[in-house]
Amino acid sequence: MKRGRPAALRCLLLLRAPALLLLLRAAAVQGDCGPLPVVPRAHPASASAGSTSFPENTTVLYTCDQGFVKIPGKPDAVVCISSRWTDIEEFCNRSCEVPPRLPYAILKSAYISKNYFPVDTVVEYECRPGYRKKYPIQSGKITCRDDLTWSTPAEFCEKKQCPNPGELVNGNINVTTDLLLGSQIFFSCDPGYRLTGEASAFCMIKGNAVGWSSSLPTCIKIICPEPPQIENGRIVNEEDTYEYRHVVTYECNKGFVLTGKSHISCIVRDDVGEWSDPPPTCRVKSPPVIPPQKPTTTSAPGTTTTLPTQKPTTVNTAGPEVPTTQRSTTVNVPGTKVPTTQRSTTVNVPGTEVPTTWKSTTVNVPAAGNRPDTRTTIKSTTASEEKDLASGYRTFLYGVGVGVPVIVCSLGLGVYWWIHRTSGQYETYENKESNVICHNLNESDATSEITSSDKLKKTHVYKVDSFACGASNHWLADIAKEDLRRDFSNAQNISSLLQVLGAAQTQ
């Protein structure tokens with residue numbers, strides 16, 4: 001009996017085991033879901049994708065594989081409900097990327113929110129604000145191609161143009177490119193004007209149109225401040241306002257000298273009017289300062305007397321012995337010094353020159369005795385070292401005044417000798433050869449010559465034997481007397497002139 005109980009128990013246990021397993025299994029899967037369904041071109045996104053059992057109400061999300069995009073409107077998740085997964089369709093497909101952004105156009109509103117663009121999908125653009133369609137009208141559509149790229153769009157829009165900005169009075173508008181959307185223009189004023197407002201403007205979008213970012217500026221005339229007044233002077237033609245480039249002229253009162261610029265101009269610096277230079281000043285006029293001067297030499301031309309050409313005739317006549325030959329007398333008369341800052345002025349006054357171009361003719365007349373020739377030489381007086389032309393001229397006159405008496409004395413001695421000689425000599429000019437022949441004058445070596453200076457010479461010498469020709473030879477004495485009378489008269493005139501000048505200088 002004891003051996004039979006264990007066997008029976010074992011059989012009973014073996015019979016009850018499958019039932020227990022079935023009971024246990026039924027209790028485990030009741031309300032749970034099994035493995036996730038397979039979705040083409042997608043895979044579960046959760047980490048529990050490898051699980052085989054999912055509790056009730058479990059939701060599993062799928063994600064499209066690489067290169068595919070979710071088809072809009074199709075579910076991409078499954079839910080465990082009553083031990084079953086909800087149905088799911090293929091929701092992933094190939095698609096182009098979002099259409100490109102164009103600078104001149106945007107997608108129409110129907111395509112803006114989409115992200116699924118399968119092959120052969122067509123989208124359409126419209127012009128952006130500030131642009132307009134070109135004419136003839138071109139298409140603004142593009143297509144998703146088989147290689148999942150978009151077709152190249154045509155540039156079917158162009159920029160709108162801003163209106164003409166107008167004219168800037170007393171200024172200029174510089175258009176660098178054009179007047180289309182996005183362009184910029186610059187404003188500037190003419191010289192002498194200041195710009196008030198914006199210096200530039202942009203062509204920008206204003207609503208559905210385009211316009212300038214700012215209005216035209218204005219150019220205002222620049223005015224300089226009142227010119228400064230000066231002491232002891234005034235402004236010539238003074239005005240109320242002084243504009244750009246206006247010139248102001250100054251002048252000084254009588255007795256004053258202007259120092260500085262007499263003219264100043266209204267200029268513009270940093271859009272502000274100002275004067276080009278400081279005003280001048282007026283100072284008291286000072287006596288003029290005479291600068292040192294180099295010596296000035298002035299030559300006063302002399303008087304040249306031309307006598308008719310005559311041949312000299314020499315007549316030998318006996319007379320008393322004549323005193324010995326006198327030496328030349330030179331008289332230097334110092335000039336009067338005048339205080340001055342100038343250097344000395346030298347005045348050279350040439351003497352009177354009488355041409356001596358005659359050839360001498362010597363005729364000898366028998367005489368009681370031959371006397372040695374007497375030669376008298378008187379040199380002219382020279383005046384120099386004068387300070388100016390006037391003092392030089394006076395010095396010259398003083399020299400003449402001293403020299404003329406010497407000449408007169410010499411002539412007096414000659415006259416004395418002429419009158420008292422028994423056999424003498426006389427100088428004159430003779431043109432008539434018949435007179436000489438009439439008196440049978442013979443050539444003789446003994447001659448007498450009177451020379452006034454190197455500029456005044458008499459070379460006609462007559463030698464007469466006590467005027468033996470008688471009454472017919474009185475012409476010799478008459479000629480001699482006439483010459484002496486003329487020389488003495490000239491000497492008296494010069495002496496009188498010197499006395500008058502001396503009296504004037506004394507005063």
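Cβ from N, Cα, C; glycine included.
Partner cysteine of CYS92, as given in Swiss-Prot, is CYS64 (from among CYS64, CYS80, CYS96, disulfide bond). If you go by Swiss-Prot, CYS219 shares a disulfide bond with CYS189, out of CYS189, CYS203, CYS224.
Swiss-Prot names the disulfide partner of CYS162 among CYS80, CYS96, CYS203, CYS224 as CYS203. Among CYS157, CYS224, CYS282, the cysteine that Swiss-Prot records as disulfide-bonded to CYS252 is CYS282.
Among the disulfide-bonded residues CYS64, CYS96, CYS144, CYS252, the residue whose Cα lies closest in space to that of CYS224 (disulfide bond) is CYS252. Sequence-distant neighbours of CYS189 (disulfide bond) (same chain, 6+ apart, CB under 8 A from its CB) are LEU168, ASN170, GLY171, ASN172, LEU195, CYS219. Counting residue by residue with DSSP, the domain 'Sushi 1' (32-94) contains 4 helix, 22 strand, 37 coil. Under 8 Å, Cβ to Cβ, and six or more positions away along its own chain, CYS282 (disulfide bond) finds ILE230, GLU231, ASN232, GLY233, CYS252, ASN253, PHE256, VAL257, LEU258, THR259. Broken down by DSSP into helix, strand and coil, the domain 'Sushi 2' (95-159) contains 4 helix, 22 strand, 39 coil.
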